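Asker: Dumping what TrEMBL says about this protein:
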- 34-56: transmembrane segment (TRANSMEM)
- 238-258: transmembrane segment (TRANSMEM)
- 265-283: transmembrane segment (TRANSMEM)
- 321-342: transmembrane segment (TRANSMEM)
- 362-384: transmembrane segment (TRANSMEM)
- 459-484: transmembrane segment (TRANSMEM)
- 505-522: transmembrane segment (TRANSMEM)
- 542-562: transmembrane segment (TRANSMEM)
- 618-641: transmembrane segment (TRANSMEM)
- 653-671: transmembrane segment (TRANSMEM)
Amino acid sequence: MARKSDVPSPYYGEPSKFDPTFRGPISNRSCTDVFCCVIFIIVILGYIALGTVAWLHGDPRKVIHPTDSYGQFCGQKGTPNTKKSILFYFNILKCANPAVLINLQCPTTQMCVSKCPDRFATYTDMQLQYQITAAPWEYYRLFCKPGFNNPTKPVAQVLRDEDCPSMIVPSRPFLQRCFPDFITLNGTLTVAKRTHFKDALDKARSVTELRDAANGITGLVDAKEVGMKIVEDYAASWNWILIGLVIALVVSLIFILLLRFTAGLLLWFTIIAVILVIAYGIWHCYLEFSLLRQQPGADVTIVDIGFQTDVTVYLHLSQTWLIFLIALCTIEASILIILIFLRKRVWIAIALLREGSKAVSYIMSTLFYPIITFLLLAICISYFSVTSVFLASSGDAIYKVMAAEPNCMYANKTCDPETFNKTNVSKTCPGAQCTFAFYGGETPYHRYLFILQLSNLLIFLWLVNFIIALGQCTLAGAFASYYWARRKPQDIPTCPLFSSFSRAIRYHTGSLAFGALILALVQMARVILEYLDSKLKGASNVAARFLLCCLKCCFWCLERFIKFMNRNAYIMIAIYGKCFCTSARDAFCLLMRNFPHKLPTSSDMDGRQTLNCITGDLAGVFTMLCFLCVAGVIAFFFFTHKIPIVQEDVPTLHYYWVPLLTVIFGSYLIAHGFFSVYAMCVDTLFLCFCEDLERNDGSPEKPFLMSAELHSILRKTEHH
């Protein structure tokens with residue numbers, strides 16, 4: 001009786017035929033997708049040229065250092081501003097938007113100073129005091145234009161020419177700019193303990209006006225203080241963080257190696273541990289919610305208190321614990337439902353984990369390949385970041401006419417500060433000045449700067465996906481060499497990881513680049529959609545928002561599908577050495593030929609099961625959840641001084657969540673690095689298993705190459 005897998009399918013192609021000479025990854029192969037390889041190399045050379053041009057035209061100081069009204073950097077060595085590193089705004093009340101301040105677009109004179117003013121003063125008061133003593137003028141002139149030394153000049157003319165600020169208020173530097181020193185006293189916003197003051201025209205002003213002019217600056221100041229505290233916490237706990245990450249590394253490695261011998265025990269322990277840890281979290285959240293619900297003032301909503309830099313404020317709200325409770329209950333219910341419907345797959349996962357662990361133990365170098373991927377990604381991200389900064393600062397200083405009168409015909413016109421005084425602009429528009437506006441240019445390079453930034457992003461996504469594809473193809477080739485070895489480990493090639501890496505680079509750069517480009521284009525479309533969504537957040541067009549939401553969902557699904565197809569295509573490339581499109585088609589058809597009739601059915605409960613991608617994902621997800629939960633719980637009790645044995649050694653921190661999140665995130669990266677190798681092993685073994693079933697029938701003439709244990713659970717022999 002013919003086997004089902006040998007029956008040709010009009011939809012999914014012919015099954016693989018028996019080949020007695022087949023011994024795994026083909027060594028005699030040729031270059032694939034050469035045209036895409038050539039394009040990829042040209043793009044890389046162009047990317048290097050783009051970075052070089054950006055480096056020649058860009059100046060990161062434009063992003064890092066503030067610039068005065070004359071286009072000079074504050075604090076720049078070799079200039080009159082060497083010791084003046086802070087930017088001062090003559091009339092900060094003209095700056096209604098804090099983003100305008102940071103982007104140097106405030107319509108007032110900006111000057112570099114060595115320090116911010118520390119007192120209230122007006123130009124009128126200074127002139128009155130100057131008749132008695134020169135001390136007030138000596139201090140006030142620090143914030144006037146360089147070279148101006150006429151304290152008796154009429155106030156109206158001084159304000160018209162903007163020789164000096166009309167007033168100064170106590171300020172402190174932030175982002176190298178002087179902002180009013182806001183302090184809240186008994187719930188009232190003050191500056192130097194004052195709520196009102198007068199300007200140079202003797203007009204009453206309130207601190208609220210300063211706050212409105214610099215709306216959001218107080219939040220930025222608080223953010224700076226939080227940042228300083230975070231740095232202090234890292235300085236105090238870095239050694240404990242490092243110890244925690246080293247422990248996570250050792251535990252992950254031991255866990256991987258033990259899977260070969262205790263896969264069943266460890267997997268069931270992992271599943272039960274995840275369920276118990278989440279159950280404890282549910283109980284703890286319910287307990288906190290019940291206690292806070294009885295306390296007055298704890299029923300305030302998160303929306304009512306708004307954003308707070310002190311996260312402990314949210315922990316005193318019953319709504320916070322209710323949200324945690326609902327989230328954990330949802331996760332727990334999802335896990336239990338998955339276990340109920342996939343309980344039979346746990347045994348498949350156990351067999352697969354043992355086989356994968358055996359493969360990893362024979363090719364231990366694969367565990368450390370993620371380090372190479374990480375280094376390549378770090379280089380790529382660094383180059384992208386530097387290029388982006390240089391492109392963003394690739395502009396010449398543009399000066400425009402700042403008119404004192406609103407009806408000036410030359411307002412906002414481009415001007416040259418060196419020849420401005422020789423023109424008729426100052427005569428036509430009294431008080432007009434030629435001041436620095438922004439960085440830009442009229443050359444083709446500057447006109448297409450936005451397109452160059454988009455190109456920088458697209459090539460970056462392409463390179464990142466190529467590096468990931470290279471790692472997947474390399475690992476697939478190494479694990480395929482293990483699977484197709486008739487005698488293990490004797491027939492496993494020498495240095496299988498290096499051989500697979502060499503084959504991928506030498507023959508299949510074009511194929512990997514082709515798959516990476518398809519994925520990069522989809523990701524680029526998602527980035528554009530996210531940008532449009534951010535622009536339409538305040539729009540009232542419901543139809544446009546709904547359409548955009550649908551597009552985002554569709555492209556998200558498309559990206560996941562392409563990642564799945566690419567991953568299997570790279571495995572087929574590593575085994576057979578064919579081009580990308582052919583490999584993707586063969587992988588998809590192989591999966592479809594084996595998927596429908598190899599799942600367990602009600603009449604097929606005696607072991608006719610095959611592994612699929614869910615199996616490896618099931619084990620990996622539970623293991624990762626357990627690992628992160630255990631690491632998070634231990635780190636939480638440690639940094640909150642709840643472990644008596646080491647309580648005295650734990651440093652006192654401003655925010656215990658700083659090292660806690662660092663340990664959890666670092667443990668995630670370490671565990672993800674190891675289990676990404678495992679996941680690739682699972683997928684490779686799955687496709688090899690499907691190929692094995694189609695090529696062989698288990699007879700002495702055509703024996704299976706799978707392990708005896710895997711065959712006993714996942715066999716598909718002729719008598720079935």
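Each residue, glycine too, has its Cβ placed from N, Cα and C.
Any idea what these are sitting next to in the structure?
Answerer: Same-chain neighbours of the transmembrane segment (362-384): 51, 253, 256, 456-457, 460, 463-464, 467-468, 470-471, 474-475, 478-479, 481-482, 488-489, 492, 495-498, 673-674, 676-677, 681, counting only residues six or more beyond its ends whose CB sits under 8 Å from a CB of the stretch.
Residues 29-40, 458, 461-466, 468-470, 473, 555, 558-559, 562-563, 566, 569-570, 573, 577, 579-581, 583-584 of the same chain sit 6 or more residues outside the transmembrane segment (505-522) yet have a Cβ under 8 Å from a Cβ within it.
Long-range neighbours of the transmembrane segment (542-562) within the same chain, counting only residues 6 or more positions beyond its ends whose Cβ lies under 8 Å from a Cβ of the stretch, are 518-519, 522-523, 525-526, 529-530, 532-533, 536.
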Asker: Need a quick answer: max count of Cβ pairs under 8 Å to the transmembrane segment (238-258), which of 34-56, 459-484, 653-671 is it?
Answerer: 653-671
Asker: Restricting to the same chain and to residues at least six past its boundaries, which positions have a Cβ under 8 Å from a Cβ of the transmembrane segment (459-484)?
Answerer: 22-25, 40, 43-44, 46-47, 50, 359, 362-363, 366, 369-370, 372-373, 376-377, 380-381, 384, 492-493, 496-497, 499-501, 503-505, 508, 512-513, 515-517, 519-520, 523-524, 566-567, 570-571, 573-575, 677, 680-681, 683-685, 688-689, 692, 705-706
Asker: Near the transmembrane segment (653-671), which same-chain residues lie under 8 Å Cβ to Cβ, leaving out any that are not at least 6 residues past its ends?
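Answerer: Residues 229-230, 232-234, 236-237, 240-241, 244-245, 248-249, 252, 311, 623-624, 627-628, 631-632, 635-636, 639-640.
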